[in-house]
Amino acid sequence: MSSCINPSTLATSVNGFKCLPLATNRAAIRIMAKNKPVQCLVSTKYDNLTVDRRSANYQPSIWDHDFLQSLNSNYTDETYKRRAEELKGKVKTAIKDVTEPLDQLELIDNLQRLGLAYHFEPEIRNILRNIHNHNKDYNWRKENLYATSLEFRLLRQHGYPVSQEVFSGFKDDKVGFICDDFKGILSLHEASYYSLEGESIMEEAWQFTSKHLKEMMITSNSKEEDVFVAEQAKRALELPLHWKAPMLEARWFIHVYEKREDKNHLLLELAKLEFNTLQAIYQEELKDISGWWKDTGLGEKLSFARNRLVASFLWSMGIAFEPQFAYCRRVLTISIALITVIDDIYDVYGTLDELEIFTDAVARWDINYALKHLPGYMKMCFLALYNFVNEFAYYVLKQQDFDMLLSIKHAWLGLIQAYLVEAKWYHSKYTPKLEEYLENGLVSITGPLIITISYLSGTNPIIKKELEFLESNPDIVHWSSKIFRLQDDLGTSSDEIQRGDVPKSIQCYMHETGASEEVAREHIKDMMRQMWKKVNAYTADKDSPLTRTTAEFLLNLVRMSHFMYLHGDGHGVQNQETIDVGFTLLFQPIPLEDKDMAFTASPGTKG
């Protein structure tokens with residue numbers, strides 16, 4: 001293993017930026033988030049040569065190193081951990097006491113949406129297996145669209161084959177689906193996102209429910225109940241449950257579940273404790289990663305690039321939120337932070353000659369070549385990447401006696417080469433056709449790299465056959481990465497075109513077909529929905545070499561892309577929606593009511 005060099009010790013002539021005041025409250029955050037990137041030219045001098053470069057004028061991170069180091073949570077205390085373990089035992093007993101199929105399905109749905117399902121996987125598997133094996137006994141869901149849809153969604157989610165024909169009884173040959181019950185319509189809408197290619201009934205279900213949910217949003221009045229119906233309809237239309245990362249749903253659903261009259265107090269208390277305990281873990285991880293970032297000197301020396309450490313951590317938390325994946329989150333966060341810097345070099349700052357040399361340096365993986373040929377600012381970036389990848393490979397070798405250095409180097413090189421293709425398109429003012437753009441874009445969006453990193457850092461033991469499958473660019477990686485690419489383009493293309501970047505999928509489709517931007521955007525959205533049907537089929541394939549954990553890493557990456565780019569560029573520009581979610585997920589614990597705190601004095605007193 002090559003020795004590591006500290007990039008922070010290398011000199012560079014890039015000027016640093018003056019940081020904005022630290023934002024620690026929502027009001028200050030909203031003011032800072034209004035700044036948008038614009039294009040301008042800056043002149044820099046390297047090796048006595050002055051080079052005119054583009055600059056995106058990205059704003060500094062909302063949360064700096066000192067703020068992250070100041071984080072402190074009470075939920076690391078052993079008292080909370082003991083209470084959580086006690087509650088888990090009681091919930092397991094309560095699960096056994098639930099015997100009616102619909103009640104069992106609703107309990108599973110609540111466990112999933114509260115972020116608790118991973119604690120009760122054996123119990124959930126047993127219930128779903130039993131329901132699937134006795135599906136001919138369907139009186140409990142007969143003429144109940146809500147129950148039928150819930151069963152369909154949960155069984156398909158967990159890999160059980162269910163025919164779309166279960167919905168035939170809710171259709172009329174002439175008018176289609178018949179239902180005016182909001183609960184049933186919402187449940188059917190969520191189920192429709194688990195459809196497969198060629199399922200006409202499920203496609204009709206999506207069209208029917210989308211139309212009615214939009215109407216419910218428009219016709220709702222100011223009554224509290226109607227306002228909540230409109231909110232649920234809006235959330236389902238924006239982002240269905242199947243497209244949401246677990247932790248993102250949990251924070252909202254805990255708040256909703258607390259207001260329900262039928263809530264289970266054990267579940268609610270456990271969900272709050274679980275959320276706050278995980279948040280405390282995340283804060284400690286952020287402190288450590290922020291220290292790493294500061295030590296590299298990249299944020300200080302490469303002032304043209306984005307410091308998006310907290311956003312990078314949000315990605316990693318969304319991909320692998322469970323506590324046992326701490327190392328996976330660390331590797332993913334650092335990788336995404338480095339990807340962000342390299343992306344800015346290729347998209348904005350580097351000259352084409354420099355980019356070709358950097359690509360060659362990554363291909364050679366030769367430190368002497370890099371130090372000899374790269375300009376100063378690129379040496380910083382290459383050394384940070386080189387050191388980190390080698391340390392990652394060494395850790396896995398030490399822990400598992402598995403040499404994955406070639407695999408991870410190859411994955412990084414694929415990304416860098418895709419970046420270079422887009423840089424050449426930009427410099428030659430070339431607009432590719434949509435399919436040509438997507439074939440390169442599914443790599444440049446980082447999908448194959450992030451999936452490979454997730455697997456190598458989150459799997460023990462690493463299975464050679466599974467790794468080789470991921471490296472072969474299988475269809476599931478292909479289509480997942482294309483969805484990621486398209487969602488990114490929907491959220492970022494306006495800002496990036498304003499900067500003069502390479503055309504994105506929307507512009508490629510407009511150029512190719514003559515369509516308006518509005519039509520192009522609707523086409524891209526429909527493409528994503530159809531691609532999800534392909535992904536659904538691959539994840540349900542019993543013969544797939546992917547483990548359930550690896551498949552969830554992959555799905556959660558796509559889900560996080562939907563969140564990050566739903567309201568714009570949540571990663572690069574730090575839009576308000578992403579900032580608010582980041583604040584509540586990472587820095588704002590859920591208050592426990594006084595009665596919930598009764599266990600502090602005597603953990604065994606609360607039932």
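Cβ coordinates come from backbone N, Cα and C, glycine included.
Within the same chain, residues at least six positions away from Asp343 (Mn(2+) 2 binding site) with a Cβ under 8 Å of its Cβ are Tyr419. Sequence annotations record features per position, and here Swiss-Prot assigns Mn(2+) 2 binding site to Asp343, Asp347 based on experimental evidence.
Among the features that Swiss-Prot reports, Mn(2+) 1 binding site is placed at Asp343, Asp347, with the record citing experimental evidence. DSSP assigns Asp343 (Mn(2+) 2 binding site) to a helix in the three-state reduction.
The annotation substrate binding site is assigned in Swiss-Prot to Asp343, Asp347, Arg485, Asp488, Lys504. In the three-state DSSP assignment, the secondary structure recorded for Arg485 (substrate binding site) is helix. Just so you know, the Cβ of Arg485 (substrate binding site) picks up 25 other Cβ atoms within 10 Å once every protein chain is counted.
Positions annotated as Mn(2+) 3 binding site by Swiss-Prot, on the basis of experimental evidence: Asp488.
The motif 'DDXXD motif' annotation in Swiss-Prot covers 343-347 and rests on a curator's inference. Within the chain, the motif 'DDXXD motif' (343-347) has long-range Cβ neighbours (under 8 A, six or more residues past its boundaries) at 56, 58, 304-306, 355, 358, 377-378, 381, 416, 419-420, 422-423, 496, 501.
Under the heading transit peptide, Swiss-Prot lists 1-52.
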Open item on the list: I'd like the number of other C-beta atoms within 10 A of the C-beta of Asp488 (substrate binding site), please.
Closed with: 24
